[in-house]
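Features of the protein shown, as given by TrEMBL:
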| type | residues | note |
| --- | --- | --- |
| BINDING | Leu9, Gly10, Ile11, Gly12, Thr13, Val14, Gly15, Ser16 | NADP(+) binding site |
| BINDING | Lys105 | NADPH binding site |
| BINDING | Glu190 | L-homoserine binding site |
| ACT_SITE | Lys205 | active site, proton donor |
| DOMAIN | 355-431 | domain 'ACT' |
Amino acid sequence: MNPIKVGLLGIGTVGSGTYNVLKRNQEEIRRRAGRGIEIAVVADLNTELARELTGGEVEVVADANEVVNRPDIDIVVELIGGYGVARELVLKAIRNGKHVVTANKALLAVYGNEIFEAAREKGVIVAFEAAVAGGIPIIKALREGLTANRIQWIAGIINGTTNFILSEMRDKGLDFDTVLKEAQRLGYAEADPTFDIEGVDAAHKVTLMSSIAFGMPVQFDKAHVEGITRLSAVDIKYAEELGYRIKLLGLTRRREDGIELRVHPTLVPASRLIANVEGAMNAVLVQGDAVGATLYYGKGAGAEPTASAVIADLVDVTRLHTADPEHRVPHLAFQPDELSSVPVLPIDEVTSSYYLRMRVSDETGVLADITRILADAGISIDAMLQKESREGEPQTDIIMLSHLCREKQVNAAITKIEALPTVLSAVTRLRMEELN
Ligand code: HSE
């Protein structure tokens, strides 16, 4: 059988990784897919570099429209990124009856509903394993491997840049700005790291996982997104003293009244496997009612790890493109007419435990006032740490860990605590998840 023909849009890091792995493993991949997979054309504005990377073996064009309009191309691999031109090209490819493989989490988290609907109308596949956690086959696991389960929650370290920064802050006791500069110097953080450090990239990824886990349309606009830019080294240190590590988690959880969808720095017990995922690695923990907890770990970025996911999708499409669309795995794991309208809960309604740190005057009754406010708000204290005050400085840090409560309860209590004359600082509030 003739090879299936692929048009590659963008030959940067992931594109060149895809080209190289496909070439290196072509025989193994052909034996798995049932036919060869051939990159027939590459579109990249830098045609010279594209020719160099492909050794002159593949046709190179500057205009990606040429690729999505070519009748001989069966699958378009979109590796341009962003929501602008990538969205137009993906929709055009779909309208032209082509299957699409993409690593573009931003595009799917924001425009996924439109794109999946367009693909359904045309009977084509949009595959996106590489969009979440790079080389870890988490989309496959959620859509297929765990399909028997009522999924209860997912917690993921799904941004390598921030995990690297947090690991360095903890190991070296350095503050965020210092470590960010070092990460940029070493190439772990981009020159403009905004999407990573502000939690946006992780929110794109958890939005996609949430939709697949719970069978609901993608709703990035409802996700609560907090990054790590305001995290201080002292909280990492105090968390450690209390037996916790701070990780930027993408979390989504089924509650009785809706779905939680959130990204924020989170205290996780140091004894959990996921708390020990260090450096730029990714990990996703999924709790299903039948299987219990399953953990997926690996490289979340990089040329060949991400290519591994792109090529897995290419093989899937090669095997399935002649199948009746009704018999394929639905884009969001649930049949499109079975998607649920369950609401995404506002952050005020989220249930969590909390870490509270405050600076107080070291005098009689301070603790009693604070614990009274918490008790009146129905918040139960789980643990407490009081640092010794320094000689001649009658002030101290108090750190409290709460049991589960609603976020609005804790926010109301914090407002009252901050109004106490003996509380000398704003209260630092971090969320804490036991993940058991
Ligand atoms: N920038 C991402 C990360 C990889 O740091 O994990 C691509 O999503």
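We count from 1, first residue shown onward.
Cβ coordinates are placed from backbone N, Cα and C, and glycine is handled just like the others.
Feature map: TrEMBL annotations on the structure.
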residue : record                    : CB count, 10 Å
Leu9    : NADP(+) binding site      : 25
Gly10   : NADP(+) binding site      : 25
Ile11   : NADP(+) binding site      : 27
Gly12   : NADP(+) binding site      : 16
Thr13   : NADP(+) binding site      : 15
Gly15   : NADP(+) binding site      : 28
Ser16   : NADP(+) binding site      : 23
Lys105  : NADPH binding site        : 27
Glu190  : L-homoserine binding site : 13
Lys205  : active site, proton donor : 27
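Other Cβ atoms within 10 Å of the Cβ of Val14 (NADP(+) binding site), summed over all protein chains shown, number 25. According to DSSP, Leu9 (NADP(+) binding site) sits within a strand segment. In this structure the C-alpha atoms belonging to Ser16 (NADP(+) binding site) and Lys105 (NADPH binding site) are separated by 19 Å. Lys205 (active site, proton donor) is 6 Å away from the residue listed as 'NADPH binding site' when you measure Cα to Cα.
A distance of 19 Å separates the Cα atom of Lys205 (active site, proton donor) from that of Thr13 (NADP(+) binding site). Broken down with DSSP, the domain 'ACT' (355-431) shows 23 helix, 28 strand, 26 coil. Across the structure, Thr13 (NADP(+) binding site) and Glu190 (L-homoserine binding site) are spaced 13 Å apart at their Cα atoms. Sitting within 8 Å of the Cβ centre of Leu9, Gly10, Ile11, Gly12, Thr13, Val14, Gly15, Ser16, and not among those site residues for NADP(+), are the Cβ atoms of Leu8, Gly17, Thr18, Asp44, Leu79. Confidence over the domain 'ACT' (355-431), given as mean pLDDT on the 0 to 100 scale, stands at 95. Mapped onto three states, the DSSP output places Lys105 (NADPH binding site) in helix. Each residue contributes its Cα atom, and for Gly12 (NADP(+) binding site) and the residue listed as 'L-homoserine binding site' those atoms are 14 Å apart.
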